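Worksheet: the structure to be examined is printed underneath.
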Amino acid sequence: MAAPLAKQAGAVLRDLALRSARLRGGCPAVQLTSRRWLNLQEYQSKKLMADHGVTVQRFFVADSANDALEAAQRLKAKEIVLKAQILAGGRGKGIFNSGLKGGVHLTKDPKTVEQLAKQMIGYNLSTKQTPKDGVTVKKVMVAEALNISRETYFAILMDRACNGPVMVGSPQGGVDIEEVAVTSPELIFKEEIDIFEGIQDRQALQMAKNLGFKGPLQQQAADQIKKLYNLFLKIDATQVEVNPFGETPEGQVVCFDAKINFDDNAEFRQKEIFAMDDKSENEPIENEAAKYDLKYIGLDGNIACFVNGAGLAMATCDIISLNGGKPANFLDLGGGVKEAQVYQAFKLLTADPKERGGEGALCCCQQVVQGRGWQSIGQESPSASVQATQQSCSQCHQMAFLCG
Amino acid sequence: MTIRIYDHHAFMTYLQFSSVMEPQEKKKIILVKQRLHFAWRSRALQPSTVFCCCRCPCEGTMAHCHTARLLGRFLRLHQNGVRHCSYSASRKNLYINKNTKVICQGFTGKQGTFHSQQALDYGTNLVGGISPGKGGKTHLGLPVFNSVKEAKEQTGASATVIYVPPPFAAAAINEAIDAEMPLVVCITEGIPQQDMVRVKHRLVRQGKTRLVGPNCPGVINPGECKIGIMPGHIHKKGRIGIVSRSGTLTYEAVHQTTQVGLGQSFCVGIGGDPFNGTNFIDCLDVFLKDPHTEGIILIGEIGGNAEEDAAAFLKENNSGPNAKPVVSFIAGLTAPPGRRMGHAGAIIAGGKGGAKEKIAALQSAGVVVSMSPAQLGSTIYKEFEKRKLL
């Protein structure tokens, strides 16, 4: 039931966990990096948007200081913004281990761009959302800096309540939209789009009006909105969020930044996009798990979970907490689990240094009963004593075990 | 009669109808761009005001299908029922029994073959299957057809189960809707959300076909008919209706109710996808009306509003001395806000959709919420004891 489902779990878990961590004020219970459904760097998302006619700041990508200089010169912009390309947020306030402060810099001089890039590329940038040691910056984005005279918020998402695509916008952009929703709900505008009829001109225009665009900018904004909607459908996104969807003093409507969430289920028909997936900022144990098609998410406890089925996995973590323990991980074997996977899963769990003891949860798998997994693990980790209580209550024997 | 239309949902419905309205009828409709709950508070709504298809969350009593039907009559529209209205008419198609003839789409594939054999072993009245291009052949001793239409005509089947891989599953569902199959159970997981949005768009505007799933374990009437992948032999014919978003967690509830001797009247796995064919309310409605279902177990999880909506439904339809006992478990209570573990549908966003809120909503509707999934059987047993139903 949960094969690709739990796969998404890791992605969104990270994406949102950090937001909640910041809200809680304390340090996050887990060392997680901020992640999107699919790991696209900023320049990749912007290129995707640009390819679909959405107006973004002109930019080039560089992976050396020299290239950065060339890019800055080619750009011929009045002012240049240099941005380190890492997946985590909070770049502006981050620090490089080269000593450079800030992952985002503005300058008018291409030479400065080169100097700054020298201190960025190949060094680690630590922000509030990265692990302590930071993340190595391999690429930088050299973009035309544009002034923003007005910031609005615009998003398109697949909404369950409306059973289809919904546009959400607010003339109050740039800040946390959830705050706006609470303090000034009348500033949030929603419009349902019929998936078969597509976005109507009047809908796009009305949204542009609601966002506060006036005069010729209205039509420009409406065009951008239509293009964003087409992008949203074309790439099988579950959400495209543009914040800020801004206005420049020169009279341009520009998408200054975007977050795109992709539907993992659409991977089979979005191969190009999924090929851009950057796994380098994942925890290695997750990449390892993904290799064997196991859905693993590290948590902060010391009781291992090993479960077949996402709902059951969640319930298992609940039960552990209910009894005073702390789950060390969420691990969903999925429906079609094979012996080899079970073995690999065990290896992952026992290799995890956080584990002091492990409690396995229900395992719906004939292969495990057959014991190959048990024996092999028994040999490799003699401290693990495996007790299996077999309850034959289904054709694929359900089994609870303790591994301590 | 003046018709005022509030709320963008109503506006959408108006747009739907307006294409077939006469010009003079259009003039009688006043579009009011106030949000419904502001209108309510400002007492702008009068008894003579008719409004349609409002789903304003502030007051559950506002939006009613009968109002929409009134509007429909006024506008002389009969062909398209208003959405939600006609589709809920297909809820009755969930009642499967030993006479239900079932066909299988994706019959000759690996999953289709395995689970069809399991179904036959269980005693399900499987009468054939579909595998385009293999029509005329025989598989597992049953006829293979090229299309759902053909299979339905030749076998008289009234239910189909889909084991078609994700790239083609939405088309398979569409085919079943075209053929007006009363019940479609889609087991496939991994169907792109956009595909399901399109399927659902069609689905809710008709009333002949009921979809369960996708990404669900299926529907079972223990001892009579099993449509899906659930392990048959943990079930026992009995008195409890079970509805769940999770697959394997459902089997927990089933096992426990079997062990305490209560058994199950009917089990529906609605699946974990965000866009699916059947929700909690659909199943609760069926359970409340079914004389064989004396108690209900509802298994939910974090994310979305399905459990809250179910609680509101139960408050309205299952209260008083004859209320059926309902026990629930919500998975993901210990998932911190912002975390998502598992189903595509299970996601907490911005404070809503958390397990605590769901539990509170259900409790206020008289549901007994168990904190542990291991006590579902014992909890409902106690409820039966209390009500002297044993």
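The backbone N, Cα and C atoms fix where each Cβ goes, and this holds for glycine too.
Residues annotated as active site, tele-phosphohistidine intermediate in TrEMBL: B:HIS343. The CoA binding site feature in TrEMBL is assigned to B:THR108, B:GLY109, B:LYS110, B:GLN111, B:LYS134, B:ILE187, B:THR188, B:GLU189. Annotation source TrEMBL lists substrate binding site at B:TYR251. TrEMBL lists B:95-191 with the feature domain 'CoA-binding'.
Those binding-site residues from B:THR108, B:LYS110, B:LYS134, B:ILE187, B:GLU189 lying by chain A, with Cβ under 8 Å from one of its Cβ atoms, are B:GLU189. Counting only the Cα atoms, the space from B:GLU189 (CoA binding site) to B:TYR251 (substrate binding site) is about 18 angstrom. Summed and averaged per residue, pLDDT over the domain 'CoA-binding' (B:95-191) gives 96.
According to its DSSP assignment, B:GLU189 (CoA binding site) is coil. Each residue contributes its Cα atom, and for B:LYS134 (CoA binding site) and B:TYR251 (substrate binding site) those atoms are 35 Å apart. Calculated from their C-alpha atoms, the gap between B:LYS110 (CoA binding site) and B:TYR251 (substrate binding site) amounts to 23 Å. Cβ neighbour count for B:GLN111 (CoA binding site) (all protein chains, 10 Å cutoff from its Cβ): 18. The local packing around B:TYR251 (substrate binding site), expressed as other Cβ atoms within 10 Å of its Cβ over all shown chains, amounts to 26. Of all the binding-site residues listed here (B:LYS110, B:LYS134), the one with the fewest other CB atoms within 10 A of its own CB is B:LYS110. B:GLY109 (CoA binding site) is surrounded by 17 other CB atoms, counting those within 10 A of its CB over all protein chains shown. Here the C-alpha separation of B:TYR251 (substrate binding site) and B:GLN111 (CoA binding site) works out to 20 Å.
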